[in-house]
Each structure stands twice: as structure tokens, then as C-alpha cells.
Amino acid sequence: MRDSLLIQFSTFTLKVIYFGPQTRSLKFYYIRTLGNVMLLVKVPLRLSNGIVYLSFCFSGAFLIPYAIMLALAGLPLFFLECSLGQFASLGPVSVWRILPLFQGVGITMVLISVFVAIYYNVIIAYSLYYLFASFQSVLPWANCSSWADENCSRTPIVTGCNVSIGAGEMFMNISWVNTNNLTCLNGSEVFRPGQLPSEQYWDKVTLQRSSGMDETGVVVWYLALCLLLAWLIVGAALFKGIKSSGKVVYFTALFPYVVLLILLIRGATLEGASKGISYYIGAQSNFTKLREAEVWKDAATQIFYSLSVAWGGLVALSSYNKFNNNCYSDAIIVCLTNCLTSVFAGFAIFSILGHMAHISGKEVSQVVKSGFDLAFIAYPEALAQLPAGPFWSILFFFMLLTLGLDSQFASIETITTTFQDLFPKAMKRMRVPITLGCCLILFLLGLLCVTQAGIYWVHLIDHFCAGWGILIAAILEIAGIIWIYGGNRFIEDIEMMIGAKRWIFWLWWRACWFVITPILLSAILVWSLVKFHRPDYADIPYPDWGVALGWCMIIFCIIWIPIMAIIKIVQAEGNILQRIISCCRPASNWGPYLEKHRGERYRDMAEPAKETDHEIPTISGSTKPE
């Protein structure tokens, strides 16, 4: 196998992994940017997660529960997963040597990552399409063109009014009024809201959206090509990596920050920007909303999703760390940087949305949308109204593209790391065809998401697989490691990597791991199930078979938890109680991978079966242990 470089990066960190001949990737070289912190993983569950959701949810009131949930749920889980992967140098499935009974949790994480990787690249394809469409002198969604219907308008549409007929007044339809060349009496007009050009462009041109999930329609050929291009980029990066100069790497890592800064400066100079920023920071916030459970649930869910815990990616990428890497400081810096970046992005977005509200004569709350609607309707609409709109549009969608690709690289690495752990010899000989084959299969599966009903499938997978599945996985993960394997025992494992700490250092982590975080996540899960409602998109409800399919997808992901538990119990020896107890103990080969890191606590650890498949090469390709 040829030597190659795999570059994993986020908006604020970067790592370069060396692949020597006939080895698993194990030698690291770090290019540290914006905080000198090694990338663990930056896998936003949704492309719009870090920018879009936070942008429409944040307010002065929302920041309070958001910060509290970061401390109580996000950071404890992030630190736990980073420590787990780094300690054993194993991926999300094999790492459950720590607790064989729960190995199905790792499989659930990987399966959820597979489902998300399918639709995530579809969102990247949307970004690519809008990026290409921006290379025009006038943005195609700037005006109501031939693709628009009579509802396309930036202002409310008059449906009828009072007119003078003879000696009296009569309310008439506007089409009749126009046909008869009459004039509406002042103040008598009745309006209905129009659809923005960007909204109709999104539905009628980009998606060619059908009337519902039942009407699959045809594959939208240009979205299919964009999807293919997205997978070609991912496959090329994972196949050969980037061997060019560090300037390219620095550009890719820093580019989103540069774009956000440019957009913020440009937005701050626009008329009405202060109106948007005032809305964003919560100058008009109603702090009585803190009494509502829904606000706290939204804050906890956002933190949980934005930090990408329980997806397997953190475990997979941290498994490549040096054993004595300070995963504690990494977790603190990465979590804070992630969240501060989202806050910073909000200022850039709302300054321009404030300008859009100003020129349209609306309140900011009337122009702000959520989810994909902000990324592909509201913000493109705002960009179309700026001078040199195509330039700003190119910058924005290229930023979304780089953010999305960074995350997708990490998702695919999660999948390939699992294959590496389970089939080291096969991956050693066939890493390239396996990786490219994985990309090809996921591309073919994703074609359903670029049909005319594709957006409904994207939302369906997102609603089910990216919701309850990761909540269940996270609850079982923390319960298994802390309550069954032993929280104090796990802390001793961490201290083998980062050094012994005083008891007061662990006081907060013990409180979160043992009590606060599992109870909080369980409450979120129960609350979301109680409040379950039939998913819909654009006010179009999903059919019964679509909802049933969504439940089947999530069941398929989590069913492996009891299946693997049963398999492990059957394979164990003794009576049923002895078998269960045996499966609740670490496997004989659980512990630090290299013998020099095992110390007295793991001196009797069984040797891994394939030591040569996990040698740690230097940059020259030798196998000197690290």
C-alpha cells in the first residue's frame, strides 16, 4: 500500500495522520491553529447545527440554560468518550472490551453514523448546488423568474378589496377589480402572505419538491451530480489525502472563521444590523420562559447534538491519540471553542438578517427561519439583497461546504476505523478499495434523497436516527462505564494517561457522571417520547408507512444492543447468573494497547491477537513504538 496522509480538520483544529506501509495509521503530526488544540472530532449532526439552529434559538434567555447544559451534559460526555478511545486505542465497537455486555452500543453508534452519512452528504450536495448557482452576475433567486408562480412576492399579496359601485361599496376579488380597471378604496385591501423568491427557488428549482413522501418522482439529475461530486471529494481525501504544502491545510482550517468575520464586518455596516443583533442577544428576551421545561429541553438537546457525543466519532478519532495526550484540556478547549464559534456565527448571521428585516419592513422574528429554511431560504434571500450579492453567496456556501466536508471525513473515518479494528488484515491489504467501496455504497443509498421526494427522506432520517438513537446510546454508554465498569475505576484509567489528580479535581466529574448526566439524558429521552408528534415538512404530514419506516430505522439501529448482549451471554460459561456477571467484567484483553503503558494495573492483560497489525510507524515507515 502506498503511503498516504489523512487530514482531519474542523473550523478550529487540525490533525494529520500518517499511514505507513502495511500498518494501521498511528503516527501523528499536528498543525495547531486557533488555540493549539488537537482535533478530536467536529461532527455537527446537521450541517446547519452549529450555525442555523443556534442562530434561531439563541437569545439572552436561551444562553442561560444553554451554558448550564453544556456543563452538565455536553462536557462530561465529551470528556468521557475522548478518554475512552484514547485509553484503549480502539474504535467505537472494539472499545467495548471494557464491558462486553454492551458491545451492541458501539454497533448502534456506527449504524447511526452510517445513516447520517447518507443524508449528510445530500446536504453538502445542496451547498455545492447553491455554490455553483452563485457564479452568475445576478443570483437566480434574486427575482421571481420563469419558474415562479403567482404567489411569488416579497410583499403581501392583495386578494381583494372594497370598490365603489354605483352609490355603494362592494368587496370584490382583486382579479375582478383589475379586469374592470377599478381602484381599491384606501384601507380596504385584504392581504395574504406571499412566498419569497428564494423559497420558491428552493422548492421548485433546487429540490423540484413533490407533493409528499408518497410521490417519489424522478432523480433530480443536477443534485445527483452534486452528490456524486461530494462523495468523490470525500473518497479522494480518504484515498490519498493532501500532500501539498501546509498553506492549503491552514487555508481550509481557517477559512470558515475568515468568512464569518467578513460577513460580520459587512453585516455590521448595513442599515438595520443593530435590529438583528439586538434580537439575537436577547434585548427583548422574556426571561419568564426559563420556567418552561421545553426551553431547557431544547438547550440540552442542542448541546448534546452540537458536540457530537454518542456517534462513535469521538471514540474513533481519539483512539489515534498518543496515550499520554492531555485529553482533559482537549475536551475543555474543544467544547468551549465549538460553542463560542456558534455564538460568533450568530452575530454574523443576524446582522444581515436584521438588514433584511429593515428593508422589507418586517420584524426580525418574521424573517428568521429554522433548519434548512435558514440555510437555503432566509440567508440566501438576505444575500440576494446585498450589493455584490453573488460574491457574498459564494463565500457563504463555500464556508458551508468546508464545514460539511470536515464533518463527513470524520464520519467516514468512524466507519473505516470500525472495519480496521474488526478486520485488520483485510484493511491492511485492501484499505483503498474498502474505503472507496464504502463511499460508493453510501452514494447509491443517498440517491433516494435526491429524488423529488428526497427532502422528506432527509428529514425522516434526521428526525428518527439523529434523535432517539443517540440519546439511547449515550445513556447506556455512561451507565455501563460508570455504574457497571465503575466510575472510580475509569477515573484511575484516565489518571494513567494524564497523571494523578487531587480528589477535588474529580468532584465535579463524579457528580455529573454518576448522577446528573444520566438522569438528565433520561429525562430528555422520556420527554421527547412523551411529546412525540408525527413529523412533517412544509406542513405536509408524513404518511403512516413513512412514520413506520422511521421507527423501523431506529429499531434497526438499537436492536443490536440486546442482540449482542444475548450473544455474549450465550458465549460465556457457567449458569445464567455467572454468564451475566462474566459479561459485565472487562475482557481479558482490555487495557492500553502498548505494553509500556499498562503499568501494574494491567500487567496481566492478554496480548492482542494481531500485534503487527497495530504497529506504530514513524514518518519514515519504521515500527518504533511511541
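Cβ coordinates are placed from backbone N, Cα and C, and glycine is handled just like the others.
Taken from TrEMBL, the feature Na(+) binding site applies to SER306, ASN338, LEU403, ASP406, SER407. The number of other Cβ atoms within 10 Å of the Cβ belonging to SER306 (Na(+) binding site), over all protein chains shown, comes to 25.
For 606-616, the entry in TrEMBL reads compositional bias 'Basic and acidic residues'.
On its own chain, CYS144 (disulfide bond) has CYS152, SER153, PRO197, GLN200 as residues at least 6 apart in sequence with a Cβ closer than 8 Å to its own Cβ. Taken from TrEMBL, the feature disulfide bond applies to CYS144-CYS152.
Look at TrEMBL and you will find 606-626 tagged as region 'Disordered'.
The transmembrane segment annotation in TrEMBL covers 51-80 (among others).
What TrEMBL lists as transmembrane segment is 101-132 (among others). Below 8 angstroms of C-beta separation, residues 45-48, 91-95, 206, 222-223, 226-227, 229-231, 234, 310-313, 315, 372, 376, 380, 393-394, 397-398, 400-401, 404-405, 407-408, 411-412, 414-415, 418, 442-443, 445-446, 449-450, 454, 457-458, 461-462, 465-466, 469-470, 472-473, 476-477, 480, 484, 553, 556-558, 560-565, 568-569, 580, 583-584 of the same chain, each at least six residues beyond the ends of the transmembrane segment (101-132), sit close to that stretch.
The transmembrane segment annotation in TrEMBL covers 219-239 (among others).
TrEMBL lists 248-268 (among others) with the feature transmembrane segment.
Annotation comment: TrEMBL describes 303-320 (among others) as transmembrane segment.
For 332-353 (among others), the entry in TrEMBL reads transmembrane segment.
What TrEMBL lists as transmembrane segment is 391-412 (among others).
Annotated transmembrane segment per TrEMBL: 433-460 (among others), in sequence order.
Among the features that TrEMBL reports, transmembrane segment is placed at 466-486 (among others).
For the transmembrane segment (507-528), same-chain residues at least 6 beyond its ends with a Cβ under 8 Å from one of its own Cβ atoms are 69, 72-73, 75-77, 79-80, 293, 297, 300-301, 304, 467-468, 471-472, 474-475, 478-479, 482-483, 487, 491. Look at TrEMBL and you will find 507-528 (among others) tagged as transmembrane segment.
The feature transmembrane segment is assigned by TrEMBL to 548-570 (among others). For the transmembrane segment (548-570), the list of distant contacts is 100-105, 107-108, 111-112, 115, 460-461, 463-465, 467-469, 472-473, 476, 535, 542, 576, 579-580, 583: same-chain residues at least six beyond its ends, Cβ to Cβ under 8 Å.
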Stretch in 219-239, 303-320, 466-486 most in contact with the transmembrane segment (391-412), if contact is a CB pair under 8 A: 219-239
Seg_contact(the transmembrane segment (303-320), the transmembrane segment (433-460)) with at least 3 CB pairs under 8 angstroms, min sep 6: no
Most crowded position, judged by CB atoms within 10 A, among CYS152, LEU403 as recorded positions: LEU403
Listed binding-site residues (ASN338, SER407), ranked by Cβ neighbours within 10 Å, top entry: SER407
